[in-house]
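Q: The structure under discussion is supplied below as structure tokens; questions concerning it will follow.
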Amino acid sequence: MKLIFSALLSLLALGLCLAAPRRGVRWCTISPAEARKCSEFQRSLRKVGGPFVSCVRKTSYTECIQAIAANRADAVTLDGGLVFEASLEPYKLRPVAAEVYGTEESEFPLEPRAGVAVALALGSVESEPMSCLEPQTHYYAVAVAKKGSNFQLNQTRGVKSCHTGLNRSAGWNIPMGTLRPFLNWAGPPTPLQEAAANFFSASCVPCADGTQYPNLCRLCAGTGENKCACSSQEPYFGYSGAFKCLKDGVGDVAFVKDSTLFENLPDKAERDQYELLCPDNTRKSVDDFKECSLAQVPSHAVVARSENGKEDLIWKLLNKAQEKFGKGKSSAFQLFSSPPGKKDLLFKDNALGFLRIPSKIDAGLYLGSNYVTAIKGLKETATEVEARRTRVVWCAVGPEEQRKCQQWSSQSSGQWPVLPPPPPRTASPWSWRDVSGLALMPQSRLSLQKGDADAMSLDGGFIYIAGKCGLVPVLAESQKSEESGNPDCVNRPVEGYRAVAVVRKSNTGLTWNSLKGKKSCHTAVGRTAGWNIPVGLLFNQTGSCKFDEFFSQSCAPGSDPNSNLCALCIGNDRGQNKCAPNSNERYYGYAGAFRCLAENAGDVAFVKDATVLENTNGKGTEDWAKDLRLEDFELLCLDGTRKPVTEAKSCYLAKAPNHAVVSRRDKVEHLEQVLLDQQAKFGRNGRDCPGTFCLFQSETKNLLFNDNTECLAKLQGKTTYEKYLGAEYVMAVGNLRQCSTSPLLEACAFLRR
């Protein structure tokens, strides 16, 4: 019996030992030096009661990526170029924590409170503030040469080059993208490595195929199988290695990051022996890296699996590690330090800490559309690059918008000299991207930001969020002017519209002052007339954010489907997608909110002044609207009175900015011209409307654009979201934001660091 009991105890102990790595974090290392530091990390964490970490030994970052994807490791820190590679099929990893860089002069908290835009670390402040001036989650890619060497960036053909590694940001992707016009490279199927091998007289590009392209490994200093290796076994690997290649006189130019010289040459007199090669083909001091960089690059990031990736445990580990072993925290073990002769083991030596990356941010968003576009450009032919530059991808929300966008796309085919984008998009510059499956308008704006889509038209409330996410207005939807006699719609200042509260005339006892406990119909959460303005007014009156308790029931698409705010919603004709913020919800949008009122689901509908006019007296063609009469509805005025719908000028809640098309800054000029051209063809008075296709007509209501749009008008200098919306509206929406947290705004705040 004792033997059996002892055996059971042994098996239990063995099971616990085997399970520990599963419960802990398995960190991937790429060299013996990293493995040694990882073991020290493991022992040090154990002493302070930190999360369990084990070390997985591999020989390259590619092997680590493969191991994490296969669940044989959990985490590794990667350069931006490798973050991109790791995000692709079949790996599908995502960044979960970013390294922070800066200089130690002022303070910022490592883990701010949840919702604070500075760091978005999603937790309470437990650690001491760390010193850092302008904490950055980016760095600058630079080209360094010795002072006195007689060439500029556009004269690097035939020189000897030193690179951090193949497919890495500062050492390969950025410089090769910058030099592409000089490479005489048409793109695939000819490999970029072949073009580089022919361009430089000799190079050290660790991780390159030295067998097929020996010129790319000719300058490397490793011996035997370590020559051109993908780790510190190659002396010229990484930032410090590439700079050493230049410093040793082996290479003529080194492609590194801005801090590399400062870390390796602390003496200014030594640094002054080097200069930066600028994109404008001049040279500048190494101190002028911001003005003479090849690009701004996202900082290195810890990656994990997208599913079952142990993100919370990894963050707990990193946060504990930076708290106990960060800069100036411990003499026994230092997280951001490497032994003499080694650099950047596990993490960058110049890192000051980590910031948790919000869960909404994938690799594409983290890296940014410009960087992702640059990487994709290195995998495409020159023709494909130009096609992508000129193509416009419209973001369609829901199946009905998707169908209209496909019609637009097919009717535009052949008008623009571009190659067809990949399926399911059509052979036209007007490609569509359906985000209906994502069911959330915020995801649409993320699609624009990371470059999956280029444009969409948004309500003012969403323009506010889009602006916070770095997007800008391009053209405004302009309706028929009530005040201006200027017939030139495109160049006429946009006047905006009025947000109103509509009730049934028969509901005689209802006023603005007696709305509490009634049933409400909203266009969608976050939209102007349907949410921001009425709810903002109610918040100012009550001081309470409990809007689900103010109204007894509501339909406010985009709310929690299980809440009172979705109780009146009905979904599609099959009862699915209830409360979805798109056309799958039949009570969505202006017409949908009015329908909610007209069908007696709600007592009040928050819409715009034109909504009732557009859906009554025979103007509404759908079954629910065809018998509605204008005189059966009235407006609630803020003074407690009621007026006919036709008197909105003297009975409205607030003036609202018109809907507008938004996009990324790099697309604005091209998009404006293309939209004006498309409008001339398919606009209100276009030569092919109504015969072929009309931009401002919909099978249901307000698909892609509002149906009462007369034209897309120029912005008259209001080219930022603040200028377009106006200071009063921006302040009102900002005040309302205290009632709810927005994962999207948190993600965008992180991305704009």
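Placement of Cβ uses the backbone N, Cα and C atoms for every residue, glycine included.
A TrEMBL annotation is a machine prediction, not a hand-curated record.
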Q: Write down the single range among 323-343, 407-427 that appears in TrEMBL as region 'Disordered'.
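A: In TrEMBL, residues 407-427 carry the label region 'Disordered'.
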Q: Out of Tyr213, Tyr274, Tyr497, which is the one TrEMBL records at the Fe(3+) 1 site of Asp79, Tyr139, Tyr239, His300, Asp459, His659?
A: Tyr497
Q: If you follow TrEMBL, the disulfide involving Cys739 connects it to which of the following: Cys545, Cys555, Cys566?
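A: That record, TrEMBL, gives the partner as Cys545.
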Q: According to the record in TrEMBL, which candidate from Cys566, Cys569 pairs with Cys555 in a disulphide?
A: Cys569
Q: Disulfide partner of Cys204 per TrEMBL: which of Cys207, Cys217, Cys220?
A: Cys220
Q: Could you check which of the binding-site residues (Tyr239, Asp459, His659) sits closest to Cys748 (disulfide bond), going Cα to Cα?
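A: Going through Tyr239, Asp459, His659 one by one, the closest to Cys748 (disulfide bond) is Asp459.
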Q: Enumerate same-chain residues with a sequence separation of six or more from Tyr590 (Fe(3+) 2 binding site) and a Cβ-Cβ distance below 8 A; give 'none' if the list is empty.
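A: Listed in sequence order: Thr523, Ala529, Gly530, Val607, Lys608, Thr611, Lys701, Asn702, Asn706.
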Q: Between the Cα atoms of Cys694 (disulfide bond) and Tyr497 (Fe(3+) 1 binding site), what distance do you get, rounded to the nearest Å?
A: 23
Q: Hey, of the disulfide-bonded residues listed (Cys228, Cys292, Cys489), which one tops the CB count within 10 A?
A: Cys228
Q: How far is it from Cys292 (disulfide bond) to His659 (Fe(3+) 1 binding site), counting Cα to Cα, in Å?
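A: Rounded to a whole number, the Cα-Cα distance is 39 Å.
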Q: What residues, ordered by sequence, lie under 8 A Cβ-to-Cβ from Asp459 (Fe(3+) 1 binding site) and sit at least six positions away in the same chain?
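A: Listed in sequence order, they are Thr523, Gly526, Arg527, Thr528, Ala529, His659.
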Q: Over all shown protein chains, what is the count of other CB atoms within 10 A of the CB belonging to Cys220 (disulfide bond)?
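A: Other Cβ atoms within 10 Å of Cys220 (disulfide bond): 27.
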Q: Do you know offhand how many angstrom separate Cys204 (disulfide bond) and Cys217 (disulfide bond) by C-alpha?
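A: Between the alpha carbons of Cys204 (disulfide bond) and Cys217 (disulfide bond) there are 5 Å.
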Q: Closest to Cys566 (disulfide bond): which of the disulfide-bonded residues Cys64, Cys162, Cys278, Cys637, going by Cα position?
A: Cys637
Q: Closest to Cys579 (disulfide bond): which of the recorded positions Cys228, His300, Cys711, going by Cα position?
A: Cys711
